[in-house]
Amino acid sequence: MADPISGPTLLTPRAQLKRKHSEIVDLTNDDEDAAPGPSATPANDAVSHGQHRRLEDDEVGGDDGSVFEDALDEIELNPYVPTEGDDEALSENVAAQMRAQLRENGPEEFIRKYLSNRVIPLKLLGTAFGIDPNLDLPKEVHLRILGLAILRAYHKRQKLTQYNTIDDAVDLLRKSHNIMVITGAGISTSLGIPDFRSKGTGFYDKVRGLGYETGEEVFDIDNFDGNPNIFYNLAGDILPDQQRFSPTHGFLRLLQDKSRLQTNYTQNIDNLERLAGIDEERLIQCHGSFATASCRKCHNEVPGEDIFGDIRAKRVARCKLCAENLAKQPMKKQKAFKLRKNDWEDSSDDDSAYDVPEAGVMKPDITFFGEQLPNNFFERFTDRDAKTVDLVVVIGTSLKVAPVSEMPNHLPHNVPHIFISREPIKHVTFDIQLLGDCDHVVYELCRRAGWALKHEMIPPNFRAKVRAVEGSDCMWTVRPKKPKADASTPHGERRLEATPRRQENGIDAARRHRETMVDVTPQQHKSKVLTPASKQKDMADTASQKGTGTVFTALYKPH
């Protein structure tokens, strides 16, 4: 049996393995003939091809490869962090030095030095790559996970030190012409569409609150086929309005109009990118969308809007084509049930028992967990975009679902990466992180670039405040500035934009004032003060007695 680390089991790449949306390796397309000999390694292949690796090629072989991939995904998202004085873990300085050696010398040399010779105990070495030393794992399993962690750490992109500030981000946008934009649910939340993973407000939290073990159950393809009611009872919460798109969608369209957008890889299923006018040839919907729906039985495809009524009514949509075909067929008698010799009752002569076939269930063409991602995702990324991209902008996603989460590590490492979202992430290394509402961040970028991003949801005088995150020179918060107090308002009170409700209140107030409008003296007019109604009668009497007066016109200005 080959050694789990140094043998071909780990280091031989398997051709055309495509990780599913559920982060499971699809072994049906494995091409054993394409596998190189034991001397070939992903490390050598990456070096000889300028670190251009195919996203669909998985480093782990064997039928259990997905188990190790999933385990390492969890380790990357929740790495082991040693406490001060922890004697079961390497110090951060030593761990950083070892990772630097790995990048400098390559995984083969690193494995030979630290694993073959066992210079450092395996569990202690694993802490340099976030592996908990207290995991109760068989030695062979621990070895294999550690080997995979070493390979991933070698291929993980490193920060480009020349890019750090928001102005650096603006300069990159100005000079780049092949921008890859990876988007997630955060670009639609300002429209009232919930994201999936935010604590307290995300869709998955709501699902768990209804008693489901995990939020992902709603989008599990086996669960859907077994009981589509689960999906149809909840999908109305994420059904897109289809009437408008966010300022961030407008930003994508602006990049396209300026001939800078190479491809938008969206994980969203709301199809709002098309509503914003993103060209079909520049859009990859990684997880499908609500744009169409298909029958699980006959695969008949219809426009997605055809089942929106059923989704809103929490009613399982059935295929109309199936129903029409079934209506043309005579009902078939059920196959007789053959009883065993000693069975006391025989119901096979029941002529009233007939098969009652049902029309197929309609499913929106979104990629459920357990389904394969569309082929154009891998083909476009590997064969075209990875070779020509000059800037990557990731917006509104926590990058927790493979294979999209792996994209930055499969691009040339000299390509700058910008991250825009409410919360920072650590499992992927970005050059610049801009933290805040996506709409606010992209508007500020456009303002600094001298680009006009016009959208009805952006206030006319919107300005943002940019501040460095303490302890970092490449993370920045972008927050709206509070409007300055208007000196013309009493006591410096802040004046807000007149919303329709405020405008209506203002009109009513002006009408009430006109009904009680009185003549005032020039001195009173000069004061520009609207006298309380209780004193207006006395003022009117005084003005009429003096025989002089002017009309005072008050303009209501909503506060």
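Glycine is no exception: its Cβ is also placed from the backbone N, Cα and C atoms.
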197-216, 257-276, 337-356 - the range that TrEMBL marks as region 'Disordered':
337-356
Given the recorded Zn(2+) site (Cys295, Cys298, Cys319, Cys322), which additional residues of the same chain have their Cβ within 8 Å of the Cβ centre, ordered by sequence?
Arg296, Lys297, His299, Asn300, Arg318, Lys320, Leu321, Ala323, Ala359, Gly360, Met362
Most crowded position, judged by CB atoms within 10 A, among Cys295, Cys298, Cys319, Cys322 as binding-site residues
Cys319
